[in-house]
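A short worksheet on the structure shown next.
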C-alpha cells in the first residue's frame, strides 16, 4: 500500500476565530488562544487505516525544546487527555480528517510552527502544515489572565478604542485614543517587540520559554515601549521641543506609532509622554490577550529616592529650587493596569496589576515598572515585587515644601498628607464616562486606616521597629531629615490665603486674578507677600518666569484683603508650552517668622469664535477647542 500524506490543510479560520474571539485579527495565519481547542481539517492522499498514526509537533522560538516547553510532540487519540498539548479526532469522511488540537492553559504564547508525521508500515511522511499564533486567553478559567466578566473582557481585551484622561484634578479632560490592536501588522509588531527585547537578544531560547508567564511578558513590554535602554518603540521628550518628530499632544492612537517603528527598522518614534506610552502599551497587551486598561492619576508623585515623601525646596518667592528638588508632583500621570494572577505572591494579590512604560526611574537597571499588585499598594505591602515603593508613592506619598535659606538651613512651610493621588480615573466599561477608582489604591484620605497603611509602608520599606523613635534619615541638600517630622502636621499660620481667578483663563488674553488673604487672629498682622509665576510643563517643571513682585500688606483684626494680579499675554506667550500651564506661588512672610505658601496651577483654555448667521438672527458664541 502506498504511503499516506497530507495534500491539503483547512485551518477553519472562521470557525476557530469565532470560538477564540480572534476573528478581528487580519493575519494570514490562524490566531487562537491557549487552553482552548481549535480545529483543522486535513485532506489525505487516501483514507488512513487503523494501524497508521498521526504525530503532531509544535515549535516556537529558536532552538525549541521540550525541556523549555517551547516544543511538544503528541499523537492523536480519541479523547483530549493530559496536561500538555493534545490532538483528538473530531470527524473522518473517507480521506478527510478533522482534528481538534488543544494547548495547555500555561503554554508559551507566540508564533508556532505546526508539523505532522504520518507513520504507515515503516513508511514515514513528514510535512510542515504551517504557522499559527497562540495568545493569552482571558476566557479560559485555568489561564492566569482569566477574567470572569464577559462585559469586562469585551472592554479590556476586544475594544479597540478608548478614552485617556488628562488635565488637572479640578479640570479633567477626556481624549479619545485608537488602540487599534486588530489593525494591519499590529499583531506581528507586538510579537516583534518581544523579539527585540534585550533578554531575547541575549538568550532567545530562554526568553521565549518565559513567555508563558504574564508577569514576565508585561514587565518586558513595560521596558520595550520606551526607548531608554533598548531601542524600544517610543522616545520620551518633556522639554517642550519636538523638532524632528511629532509632539506627544498630536498623537491620537497607537497604530501610526507602531507602524512607524516597524517601517523605520525599529528606530524609536519621536516623541511620547506618559499617556502616549500608556496608550501604546494598552494596544500591545490587549493584542496579546491580556485584559488591560489605561489609568490616570492626578497630582501624581515622582519619588526619586523612595522615601514615600515628595520634598520640594523653594526660595523666598516660592520658586522651585531645581538643584535641590529631586522629587516632583506631576499634574497628572498615566499608566496601565492589567488583570492576571500573581503566582509569585499568592492569590490575595491577584487582579489588577500596575504597569508603567513611562521611563521615570530604573528598576533592576532598566527603565521598567511593574507589575505591582493594586491590592498590595492599597495595603502598604511595598516589599512585594515589582516596584511597590515607587507606585505607592505615586498615589500616597506625603507632600512637603521646604523654604531654603541662604545659610543652607531649611524650614518646613507646607505639609499635606492628602494632596498626592487624587481622582484616579479610568474609562467605564461599556461607555466613555469616567470612573474614579481611587479607593482601589488607598483607603479614604484622612482616615485612620490610611495613615496606618502609610506608616506600615514606611516600616516595610526601611525595616523600622515599631518601638522607639524611628531614625530613618534622608539626604537632601546635605541635610538630614527625620521621617517622624513628616508625619506631624506643620504649625498652622495665623493667616490663610487663596488665589482666585477673576475671569476665565483664556489663551491670548491677559490673566487676571487675586490673592485673597485673611487674618485669623484678633491682632494686626504685617505681611510681606512675595509673588512668583512661571510657565510649566504638566510635570510642573518650570520653563520660564513670568511674574516676580513683592507687596507689603497690613491685615487688621479678622480682616480679609485682595491683592490684584495681572499677567499680560505678551508676558507669557513666548514661554507657554503646548501644555498651556502656569504655576503661581505666593510666599507670605508674617510677623514673628510665620510663613504661608500659596500655590495655584492654571491651565489656559483655547477658544474659537463661532458666528451664526440665519434669517432674523445673528450672534457669536465662544466654544472650547
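Note that Cβ sites are derived from N, Cα and C of the backbone, with glycine treated the same way.
All annotation found in TrEMBL is predicted automatically rather than curated by experts.
Given the structure is predicted, the values throughout are model-derived calculations rather than measurements.
What TrEMBL records for 274 (among others) is active site. Under a cutoff of 8 A between CB atoms, and with a sequence separation of 6+ in the same chain, the neighbours of residue 274 (active site) are 330, 332, 333, 334, 335, 358.
Positions annotated as active site by TrEMBL: 333 (among others).
Within the same chain, residues at least 6 positions away in sequence whose Cβ sits under 8 Å from that of residue 356 (active site) are 222, 277, 278, 335, 336, 369, 370, 387, 391. Per TrEMBL, active site is recorded for 356 (among others).
Residues annotated as Ca(2+) binding site in TrEMBL: 396, 398, 445, 450. Other C-beta atoms found within 10 angstroms of the C-beta of residue 445 (Ca(2+) binding site) number 16, with every protein chain shown included.
Under the heading domain 'Transglutaminase-like', TrEMBL lists 266-359.
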Taking the recorded Ca(2+) site as 396, 398, 445, 450, identify the other residues of that chain whose CB atom sits within 8 Å of the mean position of the site's CB atoms, giving them in sequence order.
-> 397, 417, 418, 420, 421, 442, 451, 454
Based on Cβ atoms within 10 Å, give me the single least packed residue among the binding-site residues 398, 450.
-> 450
Report the same-chain neighbours of residue 396 (Ca(2+) binding site): residues 6+ apart in sequence with Cβ closer than 8 Å to its Cβ, ordered by sequence.
-> 308, 377, 420, 421, 441, 442, 450, 453, 454, 457
On average, residues of the domain 'Transglutaminase-like' (266-359) score a pLDDT of 97
Please spell out the DSSP helix, strand and coil residue counts for the domain 'Transglutaminase-like' (266-359).
-> 18 helix, 40 strand, 36 coil
